[in-house]
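What follows is one structure encoded as C-alpha coordinates, with my remarks underneath.
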Amino acid sequence: MSGNMQFLTYFVFTSLSVLCLIFQYWAHRTRRNATVGNNPQFIKFQRGYFAVYLVAMFADWLQGPYLYKLYSYYGFQEQQIAVLYVFGFASSVIFGVWTPIAAGQFGRKKLCIFFTVTYSVSCLLKLSSSYGVLLIGRVVGGLATSVLFTAFEAWYIHEHMETHDFPKEWIPITFQKASMWNGVLAVMAGITTNVFSEWMGLGPVAPYMMAVPFLIFVGVIIATHWNENYAPHSIKFGSLCYEGLRDIVTNPCIFLIGSIEALFESVVYIIIFLWTPVLEPAHPSLGLVFSCFMVCILLGQAVFQVAVSRRIAVTQILLAIVGLALVAVLSLVYSTHPRFKHLNLSLASLLLFQFCVGVYFPAMSVLRLRVIPEVHRYAIMNWFRLPLNLISCTVLMLLHEVDYLHGNHLIFVVCAGLLGLMLVATYKFVRHPLTPAEMDDEEGEASLIMEADHIHNIF
(Lines of atoms letter the chains of each structure in order from A and count residues from 1; the text may use other names and numbers.)
(Lines give C-alpha, C1' and ligand atoms only; values in the text may rest on other atoms or scores of the structure.)
Protein backbone atom coordinates (compact mmCIF):
# COMPACT_ATOMS: atom_id res chain seq x y z
CA MET A 1 0.00 0.00 0.00
CA SER A 2 2.80 2.42 0.90
CA GLY A 3 4.66 1.95 -2.40
CA ASN A 4 1.42 2.25 -4.39
CA MET A 5 0.53 5.54 -2.69
CA GLN A 6 4.07 6.88 -3.12
CA PHE A 7 4.05 6.14 -6.86
CA LEU A 8 0.56 7.59 -7.24
CA THR A 9 1.59 10.78 -5.42
CA TYR A 10 4.62 11.33 -7.68
CA PHE A 11 2.53 10.65 -10.79
CA VAL A 12 -0.26 12.98 -9.64
CA PHE A 13 2.19 15.74 -8.75
CA THR A 14 3.87 15.59 -12.16
CA SER A 15 0.60 15.46 -14.09
CA LEU A 16 -1.05 18.24 -12.10
CA SER A 17 2.04 20.46 -12.39
CA VAL A 18 1.99 20.19 -16.18
CA LEU A 19 -1.75 20.88 -16.30
CA CYS A 20 -1.34 23.82 -13.90
CA LEU A 21 1.43 25.35 -16.03
CA ILE A 22 -0.80 25.14 -19.11
CA PHE A 23 -3.74 26.84 -17.39
CA GLN A 24 -1.54 29.43 -15.67
CA TYR A 25 -0.09 30.37 -19.07
CA TRP A 26 -3.61 30.54 -20.51
CA ALA A 27 -4.76 32.69 -17.59
CA HIS A 28 -1.74 34.98 -17.98
CA ARG A 29 -2.64 35.56 -21.61
CA THR A 30 -6.16 36.62 -20.62
CA ARG A 31 -5.07 39.24 -18.07
CA ARG A 32 -4.89 42.90 -18.86
CA ASN A 33 -1.56 44.35 -19.83
CA ALA A 34 0.06 45.64 -16.62
CA THR A 35 2.49 48.08 -18.27
CA VAL A 36 0.92 50.77 -16.07
CA GLY A 37 2.98 49.31 -13.25
CA ASN A 38 6.30 49.18 -15.11
CA ASN A 39 7.64 52.30 -13.45
CA PRO A 40 11.32 51.80 -12.36
CA GLN A 41 10.79 53.34 -8.90
CA PHE A 42 7.62 51.29 -8.42
CA ILE A 43 9.34 48.05 -9.46
CA LYS A 44 12.25 48.74 -7.07
CA PHE A 45 9.84 49.40 -4.19
CA GLN A 46 7.77 46.33 -5.09
CA ARG A 47 10.80 44.03 -5.22
CA GLY A 48 12.00 45.31 -1.87
CA TYR A 49 8.63 44.43 -0.36
CA PHE A 50 8.63 40.98 -2.00
CA ALA A 51 12.12 40.25 -0.63
CA VAL A 52 10.66 40.49 2.86
CA TYR A 53 7.05 39.42 2.49
CA LEU A 54 7.67 36.34 0.34
CA VAL A 55 10.46 35.08 2.61
CA ALA A 56 8.08 35.46 5.56
CA MET A 57 5.46 33.55 3.62
CA PHE A 58 7.93 30.77 2.77
CA ALA A 59 8.69 30.39 6.49
CA ASP A 60 4.94 30.09 7.05
CA TRP A 61 4.46 27.55 4.27
CA LEU A 62 7.24 25.35 5.68
CA GLN A 63 5.05 24.74 8.72
CA GLY A 64 2.06 23.38 6.80
CA PRO A 65 2.73 19.76 5.80
CA TYR A 66 3.94 18.10 9.01
CA LEU A 67 1.99 19.73 11.85
CA TYR A 68 -0.36 16.82 12.52
CA LYS A 69 2.50 14.37 11.97
CA LEU A 70 4.62 16.18 14.58
CA TYR A 71 1.93 15.94 17.25
CA SER A 72 1.35 12.28 16.38
CA TYR A 73 5.13 11.68 16.52
CA TYR A 74 5.10 12.97 20.09
CA GLY A 75 2.53 10.29 20.94
CA PHE A 76 -0.65 12.34 21.22
CA GLN A 77 -4.02 10.86 20.27
CA GLU A 78 -6.33 12.32 17.65
CA GLN A 79 -8.62 13.88 20.26
CA GLN A 80 -5.66 15.68 21.84
CA ILE A 81 -4.39 16.87 18.46
CA ALA A 82 -7.85 18.23 17.65
CA VAL A 83 -7.65 20.41 20.77
CA LEU A 84 -4.27 21.76 19.62
CA TYR A 85 -5.74 22.69 16.25
CA VAL A 86 -8.73 24.36 17.89
CA PHE A 87 -6.43 26.48 20.07
CA GLY A 88 -4.58 27.61 16.95
CA PHE A 89 -7.77 28.47 15.05
CA ALA A 90 -9.28 30.30 18.03
CA SER A 91 -6.18 32.37 18.79
CA SER A 92 -5.90 33.38 15.13
CA VAL A 93 -9.50 34.65 15.19
CA ILE A 94 -9.25 36.46 18.52
CA PHE A 95 -5.96 38.17 17.70
CA GLY A 96 -7.09 38.77 14.12
CA VAL A 97 -9.61 41.30 15.43
CA TRP A 98 -6.91 43.13 17.38
CA THR A 99 -3.92 43.14 15.01
CA PRO A 100 -5.20 45.62 12.36
CA ILE A 101 -6.00 48.14 15.11
CA ALA A 102 -2.69 47.52 16.91
CA ALA A 103 -0.74 47.87 13.66
CA GLY A 104 -2.23 51.27 12.97
CA GLN A 105 -1.79 52.59 16.52
CA PHE A 106 1.57 51.13 17.60
CA GLY A 107 3.29 51.05 14.21
CA ARG A 108 3.15 48.50 11.41
CA LYS A 109 6.92 48.09 11.23
CA LYS A 110 7.07 47.28 14.96
CA LEU A 111 4.26 44.73 14.59
CA CYS A 112 5.99 43.04 11.63
CA ILE A 113 9.16 42.68 13.72
CA PHE A 114 6.97 41.37 16.54
CA PHE A 115 5.69 38.75 14.07
CA THR A 116 9.20 37.43 13.37
CA VAL A 117 9.92 37.09 17.10
CA THR A 118 6.64 35.41 18.05
CA TYR A 119 6.67 33.04 15.08
CA SER A 120 10.26 32.03 15.85
CA VAL A 121 9.22 31.34 19.45
CA SER A 122 6.27 29.28 18.19
CA CYS A 123 8.63 27.18 16.04
CA LEU A 124 11.11 26.64 18.85
CA LEU A 125 8.34 25.56 21.24
CA LYS A 126 7.67 22.63 18.91
CA LEU A 127 10.94 21.11 20.07
CA SER A 128 9.12 20.25 23.31
CA SER A 129 6.92 17.17 23.59
CA SER A 130 5.03 18.69 26.54
CA TYR A 131 1.34 19.09 25.72
CA GLY A 132 1.08 22.35 27.69
CA VAL A 133 4.07 23.86 25.89
CA LEU A 134 2.62 22.84 22.52
CA LEU A 135 -0.70 24.51 23.45
CA ILE A 136 1.17 27.72 24.22
CA GLY A 137 3.00 27.34 20.91
CA ARG A 138 -0.31 27.11 19.03
CA VAL A 139 -1.62 30.27 20.72
CA VAL A 140 1.60 32.16 19.96
CA GLY A 141 1.54 30.86 16.38
CA GLY A 142 -2.06 32.05 15.96
CA LEU A 143 -1.00 35.50 17.15
CA ALA A 144 1.90 35.55 14.69
CA THR A 145 -0.15 34.49 11.67
CA SER A 146 -2.82 37.10 12.44
CA VAL A 147 -0.06 39.74 12.20
CA LEU A 148 1.32 38.23 8.99
CA PHE A 149 -2.10 38.37 7.33
CA THR A 150 -2.71 42.04 8.19
CA ALA A 151 0.29 44.19 9.14
CA PHE A 152 2.49 43.45 6.12
CA GLU A 153 -0.12 44.42 3.56
CA ALA A 154 -1.22 47.44 5.59
CA TRP A 155 2.41 48.63 5.70
CA TYR A 156 2.73 48.17 1.93
CA ILE A 157 -0.48 50.05 1.10
CA HIS A 158 0.51 53.01 3.29
CA GLU A 159 4.02 53.21 1.80
CA HIS A 160 2.65 52.77 -1.72
CA MET A 161 0.17 55.63 -1.44
CA GLU A 162 1.47 57.99 1.23
CA THR A 163 5.27 57.73 1.05
CA HIS A 164 5.82 57.04 -2.66
CA ASP A 165 2.57 58.53 -3.97
CA PHE A 166 2.07 55.73 -6.51
CA PRO A 167 -1.41 55.40 -8.06
CA LYS A 168 -3.90 53.34 -6.08
CA GLU A 169 -4.64 51.32 -9.25
CA TRP A 170 -1.16 49.78 -9.06
CA ILE A 171 -1.78 48.08 -5.70
CA PRO A 172 -3.61 45.07 -7.24
CA ILE A 173 -0.59 44.48 -9.50
CA THR A 174 1.57 43.85 -6.44
CA PHE A 175 -1.01 41.61 -4.76
CA GLN A 176 -1.56 39.65 -7.96
CA LYS A 177 2.16 38.94 -8.23
CA ALA A 178 2.32 38.13 -4.52
CA SER A 179 -0.53 35.64 -4.97
CA MET A 180 1.24 33.91 -7.85
CA TRP A 181 4.60 33.67 -6.06
CA ASN A 182 2.94 32.54 -2.84
CA GLY A 183 1.55 29.58 -4.74
CA VAL A 184 4.96 28.74 -6.20
CA LEU A 185 6.59 29.03 -2.78
CA ALA A 186 3.91 26.78 -1.26
CA VAL A 187 4.73 24.04 -3.77
CA MET A 188 8.46 24.49 -3.13
CA ALA A 189 7.90 24.39 0.64
CA GLY A 190 6.12 21.04 0.40
CA ILE A 191 8.97 19.54 -1.62
CA THR A 192 11.61 21.06 0.69
CA THR A 193 9.99 19.72 3.85
CA ASN A 194 9.62 16.32 2.23
CA VAL A 195 13.36 16.22 1.43
CA PHE A 196 14.49 17.23 4.92
CA SER A 197 11.86 15.39 6.98
CA GLU A 198 11.68 12.12 5.06
CA TRP A 199 14.51 11.72 2.56
CA MET A 200 17.14 12.99 5.00
CA GLY A 201 15.36 11.43 7.98
CA LEU A 202 15.36 14.56 10.16
CA GLY A 203 11.78 13.99 11.30
CA PRO A 204 8.65 16.18 11.43
CA VAL A 205 10.24 18.87 13.63
CA ALA A 206 12.81 19.76 10.94
CA PRO A 207 10.57 22.17 8.94
CA TYR A 208 9.97 24.29 12.03
CA MET A 209 13.67 24.63 12.72
CA MET A 210 14.24 25.48 9.05
CA ALA A 211 11.71 28.32 9.30
CA VAL A 212 13.57 30.15 12.10
CA PRO A 213 16.55 31.43 10.02
CA PHE A 214 14.14 32.80 7.40
CA LEU A 215 12.18 34.60 10.12
CA ILE A 216 15.37 36.08 11.59
CA PHE A 217 16.36 37.30 8.11
CA VAL A 218 12.96 38.96 7.69
CA GLY A 219 13.21 40.65 11.09
CA VAL A 220 16.68 42.05 10.36
CA ILE A 221 15.66 43.44 6.94
CA ILE A 222 12.52 45.06 8.37
CA ALA A 223 14.45 46.62 11.25
CA THR A 224 17.14 48.07 8.98
CA HIS A 225 15.29 48.93 5.75
CA TRP A 226 11.61 49.63 6.45
CA ASN A 227 10.07 52.94 7.46
CA GLU A 228 7.59 53.09 10.31
CA ASN A 229 4.03 54.08 9.48
CA TYR A 230 0.77 54.45 11.41
CA ALA A 231 -2.94 54.71 10.73
CA PRO A 232 -3.97 58.36 10.07
CA HIS A 233 -6.77 58.14 12.65
CA SER A 234 -7.87 55.76 15.38
CA ILE A 235 -10.59 53.20 14.75
CA LYS A 236 -13.78 53.40 16.82
CA PHE A 237 -14.04 49.66 17.19
CA GLY A 238 -17.40 49.48 18.99
CA SER A 239 -19.35 51.68 16.59
CA LEU A 240 -17.67 50.02 13.59
CA CYS A 241 -18.74 46.55 14.79
CA TYR A 242 -22.30 47.76 15.38
CA GLU A 243 -22.54 49.27 11.89
CA GLY A 244 -21.09 46.11 10.36
CA LEU A 245 -23.62 43.91 12.18
CA ARG A 246 -26.43 46.23 11.07
CA ASP A 247 -25.34 45.84 7.44
CA ILE A 248 -25.33 42.04 7.78
CA VAL A 249 -28.82 41.96 9.30
CA THR A 250 -30.45 44.49 6.93
CA ASN A 251 -28.78 43.53 3.62
CA PRO A 252 -29.80 40.04 2.37
CA CYS A 253 -26.86 39.83 -0.05
CA ILE A 254 -24.31 40.51 2.69
CA PHE A 255 -26.02 37.98 4.97
CA LEU A 256 -25.90 35.34 2.22
CA ILE A 257 -22.23 36.09 1.46
CA GLY A 258 -21.45 35.64 5.16
CA SER A 259 -23.40 32.37 5.30
CA ILE A 260 -21.62 31.01 2.22
CA GLU A 261 -18.22 31.98 3.61
CA ALA A 262 -18.83 30.54 7.08
CA LEU A 263 -20.14 27.23 5.74
CA PHE A 264 -17.47 26.63 3.10
CA GLU A 265 -14.44 27.87 4.99
CA SER A 266 -15.39 25.92 8.12
CA VAL A 267 -15.21 22.78 5.95
CA VAL A 268 -11.82 23.96 4.65
CA TYR A 269 -10.48 24.25 8.20
CA ILE A 270 -11.89 20.87 9.18
CA ILE A 271 -10.24 19.19 6.18
CA ILE A 272 -6.94 20.89 7.07
CA PHE A 273 -7.07 18.79 10.23
CA LEU A 274 -8.35 15.59 8.61
CA TRP A 275 -6.16 15.09 5.54
CA THR A 276 -3.15 13.66 7.39
CA PRO A 277 -4.96 11.04 9.52
CA VAL A 278 -7.07 10.03 6.50
CA LEU A 279 -4.02 9.35 4.30
CA GLU A 280 -1.57 8.27 7.02
CA PRO A 281 -2.38 4.52 6.82
CA ALA A 282 -0.85 4.47 3.31
CA HIS A 283 2.32 6.26 4.57
CA PRO A 284 2.45 8.88 1.82
CA SER A 285 5.11 11.57 1.50
CA LEU A 286 3.21 14.30 3.34
CA GLY A 287 5.32 17.12 1.93
CA LEU A 288 4.65 15.96 -1.62
CA VAL A 289 0.93 15.52 -0.94
CA PHE A 290 0.92 19.07 0.41
CA SER A 291 2.59 20.26 -2.81
CA CYS A 292 -0.10 18.45 -4.81
CA PHE A 293 -2.75 20.34 -2.83
CA MET A 294 -1.03 23.65 -3.56
CA VAL A 295 -0.79 22.84 -7.28
CA CYS A 296 -4.53 22.08 -7.26
CA ILE A 297 -5.23 25.47 -5.64
CA LEU A 298 -3.08 27.23 -8.26
CA LEU A 299 -4.88 25.28 -10.98
CA GLY A 300 -8.23 26.36 -9.54
CA GLN A 301 -7.16 30.00 -9.53
CA ALA A 302 -6.07 29.76 -13.17
CA VAL A 303 -9.32 28.07 -14.19
CA PHE A 304 -11.24 30.88 -12.48
CA GLN A 305 -9.28 33.50 -14.43
CA VAL A 306 -9.91 31.70 -17.71
CA ALA A 307 -13.62 31.25 -16.95
CA VAL A 308 -14.06 34.94 -16.11
CA SER A 309 -12.18 35.96 -19.27
CA ARG A 310 -14.77 33.97 -21.24
CA ARG A 311 -17.49 36.06 -19.57
CA ILE A 312 -18.90 33.34 -17.33
CA ALA A 313 -20.62 35.02 -14.38
CA VAL A 314 -18.76 34.76 -11.08
CA THR A 315 -21.96 33.70 -9.31
CA GLN A 316 -22.39 30.81 -11.76
CA ILE A 317 -18.76 29.77 -11.23
CA LEU A 318 -19.32 29.77 -7.46
CA LEU A 319 -22.50 27.72 -7.75
CA ALA A 320 -20.75 25.13 -9.92
CA ILE A 321 -17.75 24.88 -7.62
CA VAL A 322 -19.93 24.37 -4.54
CA GLY A 323 -21.59 21.44 -6.29
CA LEU A 324 -18.18 20.00 -7.21
CA ALA A 325 -16.92 20.42 -3.63
CA LEU A 326 -20.01 18.58 -2.37
CA VAL A 327 -19.21 15.70 -4.75
CA ALA A 328 -15.64 15.60 -3.38
CA VAL A 329 -16.80 15.46 0.24
CA LEU A 330 -19.46 12.84 -0.49
CA SER A 331 -16.67 10.76 -2.06
CA LEU A 332 -14.73 11.17 1.19
CA VAL A 333 -17.80 10.02 3.14
CA TYR A 334 -17.72 6.81 1.11
CA SER A 335 -13.93 6.32 1.04
CA THR A 336 -13.45 6.79 4.82
CA HIS A 337 -16.18 4.40 5.96
CA PRO A 338 -14.66 2.14 8.67
CA ARG A 339 -15.71 -1.08 6.90
CA PHE A 340 -14.22 -0.33 3.47
CA LYS A 341 -11.58 2.36 3.27
CA HIS A 342 -10.34 3.47 -0.16
CA LEU A 343 -7.19 5.51 0.37
CA ASN A 344 -6.55 6.27 -3.31
CA LEU A 345 -10.11 7.56 -3.67
CA SER A 346 -9.60 9.65 -0.54
CA LEU A 347 -6.49 11.23 -2.09
CA ALA A 348 -8.32 11.95 -5.35
CA SER A 349 -11.26 13.48 -3.45
CA LEU A 350 -8.99 15.69 -1.35
CA LEU A 351 -7.24 16.90 -4.52
CA LEU A 352 -10.59 17.71 -6.11
CA PHE A 353 -11.64 19.63 -3.00
CA GLN A 354 -8.42 21.67 -3.05
CA PHE A 355 -9.10 22.53 -6.69
CA CYS A 356 -12.49 23.84 -5.56
CA VAL A 357 -10.74 25.89 -2.86
CA GLY A 358 -8.55 27.45 -5.56
CA VAL A 359 -11.62 28.55 -7.52
CA TYR A 360 -13.67 29.56 -4.49
CA PHE A 361 -11.37 32.14 -2.92
CA PRO A 362 -10.90 34.50 -5.90
CA ALA A 363 -14.60 34.13 -6.73
CA MET A 364 -15.59 35.12 -3.20
CA SER A 365 -13.05 37.93 -3.24
CA VAL A 366 -14.79 39.47 -6.26
CA LEU A 367 -18.27 39.04 -4.78
CA ARG A 368 -17.23 40.59 -1.46
CA LEU A 369 -15.79 43.59 -3.26
CA ARG A 370 -19.06 44.09 -5.11
CA VAL A 371 -21.47 43.48 -2.23
CA ILE A 372 -19.79 44.60 1.02
CA PRO A 373 -19.36 48.38 1.46
CA GLU A 374 -15.69 49.28 1.84
CA VAL A 375 -16.24 51.52 4.86
CA HIS A 376 -17.59 48.60 6.94
CA ARG A 377 -15.66 45.73 5.31
CA TYR A 378 -13.24 45.22 8.22
CA ALA A 379 -16.07 44.89 10.78
CA ILE A 380 -18.24 42.72 8.54
CA MET A 381 -15.37 40.33 7.79
CA ASN A 382 -14.72 39.96 11.52
CA TRP A 383 -18.37 39.08 12.10
CA PHE A 384 -18.12 36.47 9.32
CA ARG A 385 -15.16 34.79 11.06
CA LEU A 386 -17.17 34.22 14.24
CA PRO A 387 -19.56 31.51 12.91
CA LEU A 388 -16.81 30.15 10.64
CA ASN A 389 -14.53 29.28 13.54
CA LEU A 390 -17.39 28.35 15.86
CA ILE A 391 -18.53 25.69 13.38
CA SER A 392 -15.08 24.26 12.66
CA CYS A 393 -13.97 24.20 16.31
CA THR A 394 -17.24 22.68 17.53
CA VAL A 395 -17.16 19.90 14.94
CA LEU A 396 -13.54 19.00 15.71
CA MET A 397 -14.10 19.02 19.48
CA LEU A 398 -17.41 17.16 19.61
CA LEU A 399 -16.83 14.55 16.94
CA HIS A 400 -13.46 13.52 18.31
CA GLU A 401 -14.89 12.49 21.66
CA VAL A 402 -14.44 8.80 22.36
CA ASP A 403 -18.22 8.28 22.29
CA TYR A 404 -18.24 8.83 18.51
CA LEU A 405 -17.09 5.51 17.10
CA HIS A 406 -17.06 6.55 13.44
CA GLY A 407 -14.63 9.45 14.00
CA ASN A 408 -13.45 11.05 10.77
CA HIS A 409 -16.12 9.37 8.66
CA LEU A 410 -18.84 11.10 10.69
CA ILE A 411 -17.01 14.43 10.39
CA PHE A 412 -17.14 14.14 6.60
CA VAL A 413 -20.87 13.44 6.85
CA VAL A 414 -21.24 16.71 8.79
CA CYS A 415 -19.07 18.48 6.18
CA ALA A 416 -21.37 17.20 3.43
CA GLY A 417 -24.33 18.62 5.35
CA LEU A 418 -22.57 21.99 5.69
CA LEU A 419 -21.85 22.09 1.95
CA GLY A 420 -25.47 21.14 1.24
CA LEU A 421 -26.58 24.18 3.25
CA MET A 422 -24.01 26.27 1.40
CA LEU A 423 -25.41 25.09 -1.93
CA VAL A 424 -28.84 26.36 -0.87
CA ALA A 425 -27.38 29.70 0.30
CA THR A 426 -25.41 30.06 -2.95
CA TYR A 427 -28.51 29.35 -5.04
CA LYS A 428 -30.43 32.00 -3.10
CA PHE A 429 -27.58 34.46 -3.60
CA VAL A 430 -27.48 33.77 -7.35
CA ARG A 431 -31.24 34.29 -7.57
CA HIS A 432 -31.15 37.49 -5.52
CA PRO A 433 -30.98 40.57 -7.78
CA LEU A 434 -27.86 42.70 -7.40
CA THR A 435 -27.90 46.46 -7.75
CA PRO A 436 -26.32 48.01 -10.86
CA ALA A 437 -23.38 49.22 -8.77
CA GLU A 438 -22.75 45.69 -7.53
CA MET A 439 -22.77 44.35 -11.09
CA ASP A 440 -20.28 46.89 -12.47
CA ASP A 441 -16.83 45.95 -13.74
CA GLU A 442 -16.97 42.22 -13.00
CA GLU A 443 -14.25 41.36 -15.46
CA GLY A 444 -11.92 44.10 -14.22
CA GLU A 445 -12.22 43.02 -10.61
CA ALA A 446 -11.74 39.35 -11.38
CA SER A 447 -8.60 39.90 -13.43
CA LEU A 448 -6.84 42.03 -10.85
CA ILE A 449 -7.95 40.96 -7.40
CA MET A 450 -6.37 37.94 -5.74
CA GLU A 451 -7.05 38.72 -2.13
CA ALA A 452 -3.79 38.00 -0.32
CA ASP A 453 -5.26 36.58 2.87
CA HIS A 454 -6.66 33.64 0.89
CA ILE A 455 -3.42 32.48 -0.64
CA HIS A 456 -1.85 32.47 2.80
CA ASN A 457 -1.14 29.20 4.52
CA ILE A 458 -4.61 27.97 5.42
CA PHE A 459 -2.87 24.78 6.52
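Quick reminder: no glycine exception, Cβ is built from N, Cα and C everywhere.
What you see is a predicted model, and the numbers here were worked out from it, not measured in a lab.
Look at TrEMBL and you will find 6-27 (among others) tagged as transmembrane segment.
What TrEMBL lists as transmembrane segment is 48-68 (among others).
Long-range contacts of the transmembrane segment (80-99) within the same chain: residues 68, 71-72, 111, 131, 134-135, 138-143, 145-147, 149-151, 269, 272-273, 382, 385-386, 389, 392-393, 396-397, 400, each at least 6 residues beyond the stretch ends and with a Cβ under 8 Å from a Cβ of the stretch. Annotation source TrEMBL lists transmembrane segment at 80-99 (among others).
Long-range contacts of the transmembrane segment (111-129) within the same chain, counting only residues at least 6 positions beyond its ends with a Cβ under 8 Å from a Cβ of the stretch, are 56, 59-60, 63, 70, 74-75, 99, 102-103, 136-138, 140-141, 143-145, 147-148, 151-152, 155, 205, 208-209, 211-212, 215-216, 218-219, 222-223, 226. Summarising the annotation, TrEMBL assigns transmembrane segment to 111-129 (among others).
What TrEMBL lists as transmembrane segment is 135-157 (among others). Beyond its flanks by at least six residues, the transmembrane segment (135-157) meets 49, 52-53, 56-57, 60, 63, 83-85, 87-96, 98-100, 103-104, 108-109, 111-112, 114-115, 118-119, 121-122, 125-126, 128, 171, 174-175, 226, 229, 452-453, 456-457 of its own chain at Cβ-Cβ distances under 8 Å.
Here TrEMBL flags 178-196 (among others) as transmembrane segment. Same-chain neighbours of the transmembrane segment (178-196): 17, 24, 50, 53-54, 57-58, 61-62, 64-66, 202, 206-207, 210, 285-295, 297-298, 301, 450, 452, 455-457, counting only residues six or more beyond its ends whose CB sits under 8 Å from a CB of the stretch.
Marked as transmembrane segment by TrEMBL: 208-227 (among others).
Taken from TrEMBL, the feature transmembrane segment covers 248-275 (among others).
If you look up TrEMBL, you'll see 287-308 (among others) marked as transmembrane segment. Beyond its flanks by at least six residues, the transmembrane segment (287-308) meets 9-10, 12-13, 16-17, 19-20, 23-24, 26-27, 30-31, 64-66, 179, 183-184, 186-195, 197-198, 275, 279, 314, 317, 347, 350-352, 354-363, 442-443, 446-447, 450, 455, 459 of its own chain at Cβ-Cβ distances under 8 Å.
Counting same-chain residues at least six beyond the ends of the transmembrane segment (347-367), those with a Cβ under 8 angstroms from any Cβ of the stretch are 5, 8-9, 12, 16, 257, 260-261, 264, 268, 271, 275, 278-279, 284, 289, 292-294, 296-301, 303-305, 314-315, 317-318, 321-322, 324-325, 327-329, 331-332, 335, 442, 445-446, 449-451, 454-455, 458. The transmembrane segment annotation in TrEMBL covers 347-367 (among others).
The annotation transmembrane segment is assigned in TrEMBL to 379-399 (among others).
The transmembrane segment annotation in TrEMBL covers 411-430 (among others).
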The transmembrane segment (248-275) touching the transmembrane segment (411-430) per 3+ Cβ pairs under 8 Å rule: yes
As a test: from 48-68, 208-227, 379-399, pick the stretch that has the greatest number of Cβ pairs under 8 Å with the transmembrane segment (248-275). 379-399
